[in-house]
Every structure is written in C-alpha cells, then in structure tokens.
C-alpha cells in the first residue's frame, strides 16, 4: 500500500509549514495553507482514505471547484506540529459534484476540521483559477512580521504600499509586478473577508490584511512561499531604513521602468505613477 504521508503533496505541505514556522510567520495556530490537487495526485492513496469520510457543507456553493481535491491545514492546528503528525494537522478534502460542500478523505483526525479561513481560500482559489487560466494552485496566509508592521506606518493604499516594497528590494518588481492588494481591517474567518480578499486576488497575487497578515497565491508551494518571502524581505529592509531616519536615495521611477522592460513584466501602473 502506498503511504500518503510520503506523497509529494504531503511532504510539500510539511516543508512549507515548517519553513513558515521557522521564519516566525506562524505563531501558535496562526496561518493556513491550501493546495489544489488533481484526481491523479490522490489516485494511488485510496487505501489511506477514511472508510466513511465526513461531509461538511460550505457556507456558499462554489461550483467552479466541483469535484476538486485539496490538501489543507486544520483549524486550530499549529504549523510547528505538522511535521510531527501530518494526519492530525493536515487533511485531504474533495469538493462534491455541485460545489456545495466537501468530504474529508484523509487526515484531520479526532474530528478536526479545515482552517477557519477556508472560505477565503476557496473564494481566492476561484479567482486565481480564472486570473491565471488554472496555473495558480496554492493559497497561503501567514503573519509575516515586517509586512504587518508596515501596515501601521504606511498609508494602506495599494499603489503606495506596492511602490515602497518595490523600492525596498530590486527583485520585488520582478517577482510581483501586479502589486499588493490591501483590505481595510476586517474580522477574520468570515465570508465577508473571504469575498473581499478574493476580489483583490482578481488583480494581485499578494493581498495584505492590515494589522494581521498577508495572503499569497502561486502555481506551487515553493513559488508562493517565495513570493511572500520576497515581499517580507523588502518589508524588513524598509522597517530598518525607516528606523534609521528614512530614505536618502532609492530606486527611481525610470529605473523601475527599465527593470520591468529587462525582465518582461508590466508594473502596476498606479504604483509606477507615484
């Protein structure tokens, strides 16, 4: 029998959650991670599935995700513990044929359930599927320290925040030319914040929740982790620069344009115009 804990997707989730914990982005049960799979990914592991999978209805139907499997982190679970007991802290779920709910096929033992941010994840998956023609498969939410810190001192405006991050590190414009979406502060774990996040995900692969954390999307676990890591590194640089009295020189608008041309990306116009 094939052991699902040795599958590429369980091992990938273990690595991503462990790395995020070691970065200091996911204290206690902070953060959540979902990866969209294909039936072929889970086909070898049916013998590992629960004999009577639990069914959980969604708060709103998502027909775009019908019959789609995901691997998800659990509600109230600590990222630091995923590596110790994957079956207790992760779960493979599959949305039903009409997108009204999902079955827990594997993991989430002892009656555990998926992350409370599942509405935000699933809604964001829907938008990123449309925005990237199905290329994006990962949604990651974490409490990246310096990005959170900047939401207290920068104007919480997409153009302003994006431009500052682009100037904080040369690679940022290349990695996220579409900029960073920003929400107003909202209560987490609700359909409302999920809908607002998904709306920003139509235009941006990164979305900030002020005073809380960040959502990132990408085609793989590595790409999504790297996206957030890149933005967080720039935020760390900016926090240090501001604490030293602010910028005396920076990357100019003309240099940002040249950077975009060199790497074949189109920078967010509103950020470039500042």
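Start at 1 and count along the chain as shown; that gives each residue its number.
Using N, Cα and C of the backbone, Cβ positions are placed for all residues, glycine too.
Taken verbatim from Swiss-Prot:
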ACT_SITE  117  active site
BINDING   141, 143, 212  Zn(2+) binding site
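Taking Cα separation as the measure, the residue listed as 'active site' is nearest to 141 of the binding-site residues 141, 143, 212. Under the DSSP three-state reduction, residue 141 (Zn(2+) binding site) is assigned to strand. DSSP assigns residue 212 (Zn(2+) binding site) to coil in the three-state reduction, placing it in neither a helix nor a strand.
The number of other Cβ atoms within 10 Å of the Cβ belonging to residue 141 (Zn(2+) binding site), over all protein chains shown, comes to 29. Of all the Cβ atoms in the protein chains shown, 26 others lie within 10 Å of the Cβ of the residue listed as 'active site'. Counting every protein chain shown, the number of other Cβ atoms lying within 10 Å of the Cβ of residue 212 (Zn(2+) binding site) is 17. Within its own chain, residue 143 (Zn(2+) binding site) has 25, 26, 27, 30, 31, 212, 213, 214 as residues 6 or more apart in sequence whose C-beta sits under 8 angstroms from its own.
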